[in-house]
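Sequence annotations record features per position, and here Swiss-Prot assigns acetyl-CoA binding site to 120-133, 156-165. The compositional bias 'Polar residues' annotation in Swiss-Prot covers 287-297. Residues annotated as domain 'N-acetyltransferase' in Swiss-Prot: 1-186. What Swiss-Prot records for 269-297 is region 'Disordered'. Residues or ranges marked as site 'Crucial for catalytic activity' by Swiss-Prot: GLN54.
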Amino acid sequence: MEFDFDVHKIFLEPITKLDSSLIPSRRPLIASSEAQKQIMTVIDEIGKASAKAQRLPAPITSASRMQTNKHHLYILKDCTPKTAGRGAVIGFLKVGCKKLFVLDQKGSHIEAEPLCILDFYIHETLQRHGFGKELFTFMLKNEQVDVHHLAIDRPSEKFLSFLRKHFNLWSTIPQVNNFVVFDGFFRDWKASVKKTPAKRTEGEIKPYSLTDRDFLKQEEGLPWPFSQSQLNLNRASSLGSSPTRACSRHSPGEEDFVKSLRNCRPHSLHRTANSEQEDHSQRRRTSSLNRPQSIHH
């Protein structure tokens with residue numbers, strides 16, 4: 001892919017790595033403001049070409065996206081003599097770490113943050129010339145990552161064929177998201193991974209916790225005489241008889257107590273309480289009258 005400016009002046013190396021600053025490790029040979037503008041143009045154009053090749057509705061690689069994400073962009077330029085004039089861009093590879101929930105071979109959910117292949121493009125006229133393998137191998141060495149530990153975002157069939165041919169990646173582990181991981185992804189894993197606990201089924205959910213159950217067992221019983229009826233209820237339940245019949249039977253002492261409560265009238269109880277208060281106040285007056293007076297000399 002050619003441009004109307006000199007690519008060799010902004011990309012001094014065969015493969016240039018860019019981050020969110022869009023500044024190459026080796027400074028361009030032109031002014032920084034002009035170099036920044038040209039670099040942004042290259043990123044936008046190769047992003048559009050990649051989206052068109054993958055039949056995407058919109059580019060997933062652009063200068064603005066690079067500036068707002070912690071991604072790494074590897075740009076491969078053509079260094080052959082035929083492009084010695086202004087140069088040309090062959091393709092690019094975009095990677096970045098993402099937090100994912102991936103499934104292992106046993107179906108367990110694993111929380112991981114692997115390096116992900118987010119976009120990969122080689123110009124149509126320069127494919128099957130070894131440029132893709134050169135770019136991919138350079139990225140693996142620079143990121144210091146094993147090819148089996150990569151997660152790939154929505155790879156095309158052509159990309160999967162490329163990985164099988166050059167990196168012997170055949171067997172994949174089925175996932176529920178758009179990422180593809182290969183057999184060996186969890187082998188010799190160096191990054192931090194975290195297994196999420198499996199969700200309990202409805203049958204395993206208890207109505208009370210153990211502490212609640214212990215608390216319910218330690219509840220105090222009802223005071224006498226109501227505790228006797230409760231005891232009879234428990235005995236009847238344990239023997240298999242009807243609890244209603246057990247509750248209807250009362251002991252002789254309990255029957256007398258219940259009858260006395262029924263026959264006792266509220267106003268008579270109130271009168272008795274008032275008479276007790278009057279007697280108590282009368283005793284206090286009498287004691288105060290009988291108390292000897294103090295003698296003053």
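Heads up, the Cβ atoms here are built off N, Cα and C, so glycines get one too.
Locations of recorded Swiss-Prot features on the structure.
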{"residue": "GLN54", "record": "site 'Crucial for catalytic activity'", "Cβ within 10 Å": "17"}
{"residue": "PHE120", "record": "acetyl-CoA binding site", "Cβ within 10 Å": "25"}
{"residue": "HIS123", "record": "acetyl-CoA binding site", "Cβ within 10 Å": "20"}
{"residue": "LEU126", "record": "acetyl-CoA binding site", "Cβ within 10 Å": "17"}
{"residue": "HIS129", "record": "acetyl-CoA binding site", "Cβ within 10 Å": "12"}
{"residue": "GLY132", "record": "acetyl-CoA binding site", "Cβ within 10 Å": "22"}
{"residue": "GLU157", "record": "acetyl-CoA binding site", "Cβ within 10 Å": "7"}
{"residue": "LEU160", "record": "acetyl-CoA binding site", "Cβ within 10 Å": "16"}
{"residue": "LEU163", "record": "acetyl-CoA binding site", "Cβ within 10 Å": "20"}
From the Cα of GLN54 (site 'Crucial for catalytic activity') across to the Cα of GLY132 (acetyl-CoA binding site), what is the distance in angstrom?
16
What kind of secondary structure is GLY132 (acetyl-CoA binding site) part of, going by DSSP in three states?
helix
Could you state the whole-number distance in Å separating the C-alpha atoms of GLN54 (site 'Crucial for catalytic activity') and PHE120 (acetyl-CoA binding site)?
10
